[in-house]
Structures are given as C-alpha cells and as structure tokens.
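First the structure, in the form of structure tokens, and then the observations on it.
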Amino acid sequence: MDEQELKQGITKAVEDVRKTKPMAPSITNTVTVNFVANAQLAVGGAAAMVYLADEAEAIASISQSFYVNLGTMFDFYMDTLEPLSDYLHENNHKWVLDPVAAGLGQMRSQAIDYFKDKTPTIIRANATEILTIAEMWGLASNSKTKIRGVEAEDEVEEAKDAAIAIASYTGGVVAVSGKVDLITDGKVIVHSYGGSEMMENITGAGCSLAGVCAIYECVTDSLTAAVTASQIYNLAGKIASKKANGPGSFESEFLDCLYNLSSEDIANNKFEIEELDV
Ligand SMILES: Nc1ncnc2c1ncn2[C@@H]1O[C@H](COP(=O)(O)OP(=O)(O)OP(=O)(O)O)[C@@H](O)[C@H]1O
Ligand SMILES: Cc1ncsc1CCO
Ligand SMILES: [Mg+2]
C-alpha cells in the first residue's frame, strides 16, 4: 500500500461510514462509556453497549466489528469476555481490543492471556500497555516498563518493536497512541501526526479512538480503519484545541470536529507510511 492508496482508502472509509451508519457494539469501561458512544455517533456510526454474555454474542452476530475495553473490570466480566472472544475468533469476526492498564491485577491479566490466541484484528493502546502485552505474551523481554494506572509511562517510539512483534503474532493491526500515533500490521508502519496536549486533559480520548477504529473497521480493512481513526482524531484534536478555553469546551469542540471535518481534509492530515523489511 502506498501513500496515495491509503489516502483514497481513508476518504472512502470516512464517506462510507457517514453513508451507511454501521453499528459496532462495545463492552467498555464505565468511566468513558458516554464519550465512546458520542464519538462513534459523531463520525457517523452507531453505538450499543452490552455487558452480559448472551447479549454480547447476539449483538456480535449482527455487527461487522466488536469493541472490547478492559478499563473497569467487574467480577462477572470473564463470563462474558471468554465466550465472546471464542465466538469472535471462531467466526473470523473483526474486533478491537483496548487493554487499558494491562498488567494491573489478576483478572485483567487473565483476560489478556485468554485473548492471545483470539485474533483481535486491532489492538489500540498506549505505549506502556503495548510493551506490557508483548511481555505477557512472550513476544519481547527485558521491557523496563512498570504499570501505574491507565496513563502511558513510555513514549510511542519505545513501543515500536513490541507493536511489530504483536502484529506479526496476531496477523492483525497494532495502533499505539500518544503525541504521534504509530500504526502497524507488521508489514508497514504508519505515523499519524497532529492532535493536542489537551487530549491528555480529558478522559476517554484513547477509549473513544478505539471505539471509532471499530466503526471504520465495519467498512474497510483493519489497517485503513486504524489509520483513518487516528487521522480524524489528530485533525479534530488540533482544530478543537485552537477553539477551546479548557477541557470542557475542548470536549464539545472535538465532537463537533469529528462530525464536520471533510473526508479530504482527514485524508490530507499529515501521515507517513514506511515499508518494513520482513
Ligand atoms: N501530547 C499529545 N499531543 C498530541 N496528541 C495527543 C497527545 N496525547 C494524546 N494525543 C492523542 O489523543 C488520542 C488518544 O491517545 P492517548 O494516548 O491519550 O490514549 P489513552 O492514553 O489510551 O487515553 P485514555 O486512556 O484516557 O482513553 C490519540 O489520537 C493521540 O494522538
Ligand atoms: C480513568 C479510568 N480508569 C479506568 S478506565 C479509565 C478511562 C481511561 O482509560
Ligand atoms: Mg487508554
């Protein structure tokens, strides 16, 4: 894939979502659930949040991509997450994983271990979470990262090799967010630029970015979907930060940008694509 093909793919993904309004269901954390749904709606998709095992499988069967976010774990989650990820894997169903706070606690670790062979088609996370998963899955060692909570403790480029190793293992895409976003399928690396430091002053920029990846994944391949989500987030974040007076107005300006930006402007936001030697 070259830069021109990717630009065309981004433009088409943005337009197809606005035309066809695809629904991507989510099991997502209780902190940012409303922001995830609003971001999915703002880009033109539809949201549906579920928590029970029988509902998750039923709604997965009528969707093109499913979003799983581990932000706030509850006792009964494994009863849903294990059969759901079995179902997604067995049916070659696309799904996005946001492994929030990977490495924290026994139940979250059990979930991440379980997902290793359930082929998540996009893993979207911050650098610390990607470094942690690569280590948990035995794909990298000697990482010095230490989990503290839901925030990144490492720079995006430090997670580059871990991201490539995970993508090569799953056969899917890994998207690492931060000041510059890095997206890889193990064959190419895309860097998407823009955004704003203000995105660190609201909760859920990352959670909702992953939810929006699932929306774009309903209409295009996983690499194009993850790049399109980063491109719209980076342009919307940059423009919204110029209009906002603080985190409150930033959040609403940001949603307005997701809704209003043109597909051409989103595709023309700065990005670079580089082939990897494989
Ligand atoms: N310092 C920054 N400068 C520019 N853009 C940023 C910056 N920090 C984050 N972003 C953007 O914010 C979005 C979310 O990424 P981030 O890395 O903050 O996710 P996260 O840490 O998982 O967030 P959360 O857990 O709060 O949902 C991405 O589009 C990213 O490019
Ligand atoms: C703050 C917080 N705590 C658990 S999930 C979450 C949202 C950001 O990941
Ligand atoms: Mg996060």
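Count begins at 1; order follows the chain as displayed.
Cβ from N, Cα, C; glycine included.
Copied from TrEMBL, the annotated features are:
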- Met49, Gly204: substrate binding site (BINDING)
- Arg124, Ser177: ATP binding site (BINDING)
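Annotated features taken from TrEMBL, shown on the structure.
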residue	record	Cβ neighbours (10 Å)
Met49	substrate binding site	17
Arg124	ATP binding site	31
Ser177	ATP binding site	28
Gly204	substrate binding site	23
Those binding-site residues among Met49, Arg124, Gly204 lining ligand 1, judged by a Cβ under 6 Å from any of its atoms, are Gly204
Here the Cα-Cα span from Ser177 (ATP binding site) to Gly204 (substrate binding site), rounded to a whole number of angstrom, reaches 12
